[in-house]
Amino acid sequence: MSQLMEELSFRGLIQQQTDEEGLTKLLAEEKIKLYSGFDPTADSLHIGHLLPILTLRRFQEAGHHPIALVGGATGLIGDPSFKKAERSLNPAEIVEHWSDKIKGQLSQFLDFEAGENPAVIVNNYDWISQMNVITFLRDIGKNFGVNFMLAKDIVSSRIETGISYTEFSYVILQSLDFLNLYRNENCKLQIGGSDQWGNITSGLELIRKSEAEGAKAFGLTMPLVTKADGTKFGKTEGGAIWLDKEKTSPYEFYQFWINTDDRDVVKYLKYFTFLSKEEIASYEEKVQTAPEKREAQRRLAEEVTTLVHGRESLEQAVNISNALFKGEIKSLSAEEVKVGFKDVPSMEKSSTEELTLVDLLVESKLSPSKRQAREDITNGAVSINGERQTDKDYVLSAEDRIENQFTVLRRGKKKYFLVTYK
């Protein structure tokens with residue numbers, strides 16, 4: 001077995017492959033071109049895309065040539081794989097904009113300037129848009145029997161609820177991608193999530209029927225990322241975890257990984273980091289002997305946040321996390337307060353206005369009445385920027401404003417309110 005296949009196997013990154021022996025032999029003998037596709041269904045990739053992206057990177061680090069395919073054409077159609085209902089179609093100009101954004105994100109993970117094996121980005125709109133309907137039906141469509149299509153899980157799962165010809169044809173378009181890359185780039189391997197198995201094997205079938213006898217290509221899928229508690233990976237109460245820091249801040253991103261269940265953390269270290277077997281084994285032992293220290297979760301969060309957002313964003317996320325945990329909010333910069341408390345209720349005040357703590361507690365609804373507010377203060381339940389305040393007649397001063405922009409109020413352990421200044 002090649003060193004790369006051993007690595008992928010150790011990390012649990014192989015769900016299915018079309019010809020294990022053939023692919024193992026090929027990877028041991030030559031450096032190949034491989035691809036994975038990413039349809040632009042939003043203006044950012046999310047953490048569900050990380051597994052195929054990082055697997056492309058593992059292949060590149062082993063000397064192979066990764067191709068990242070942006071589905072500018074297939075994104076206009078919509079992949080029906082394991083979707084319960086028809087997707088709504090997005091306007092072409094929006095899909096084009098999303099495609100450009102995704103290209104930029106992919107460049108964070110793959111090396112496009114590597115001397116021996118630079119990564120390449122392609123867009124399937126470039127070849128699919130050039131093919132007319134007659135050519136498509138005669139040269140491509142004739143290779144797909146209706147019974148063959150209906151037997152695919154991606155189609156059969158939708159027969160009862162209904163599937164349009166548009167989505168029915170998606171698998172053919174994706175197969176055309178593989179054929180095009182095989183012919184023009186000598187690309188011999190497609191990788192993807194386990195939900196892409198039907199699309200990948202259809203592409204292999206098209207290559208077999210369209211090319212000369214002996215043409216050989218391969219498919220490999222990675223497992224569906226699951227969580228031990230049964231909830232969907234990559235989703236929180238606030239929605240998807242995006243790779244774009246404008247949609248999911250580095251702090252929120254870091255917190256997602258910090259909150260990983262003990263039962264999942266070793267698996268995620270294998271999936272999403274480039275730590276060695278020995279390092280992962282040491283964290284596995286720490287999970288078993290001292291789970292309360294959450295050292296494995298911290299390392300996971302550090303590694304993935306650095307991969308996606310860089311060292312500077314990681315440091316900011318750690319600063320915010322530590323300050324909130326220790327109550328040292330005053331140590332944060334205004335930018336860090338803005339990021340860390342972006343989902344906290346807030347109100348705007350003038351920096352010249354006299355603000356009593358009692359009035360702020362009532363206006364912010366942290367306390368239901370002035371009487372209760374005074375009791376909360378004297379009982380030590382109220383803090384300003386993490387520092388307890390017990391003077392019921394306290395009036396806020398300039399020293400209570402972080403960089404003259406924010407004051408963070410807290411009542412009890414978890415009720416926060418943000419005062420901003422104009």
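Glycine is treated like the rest: Cβ placed from N, Cα and C.
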Swiss-Prot annotation of motif ''KMSKS' region' - which of the ranges 97-101, 232-236, 397-401 it falls on: 232-236
Which range of 40-49, 80-89, 380-389 is motif ''HIGH' region', per Swiss-Prot: 40-49
Secondary structure at Tyr170 (L-tyrosine binding site), reduced by DSSP to three states: helix
For the motif ''HIGH' region' (40-49), distant same-chain residues with Cβ under 8 A (at least six beyond the ends): 70-72, 75, 78, 90, 95, 97-99, 101-102, 105-106, 193, 225, 233-234, 240-244, 247, 256
Max CA-CA distance, Å, over listed L-tyrosine-binding residues Tyr35, Tyr170, Gln174: 18
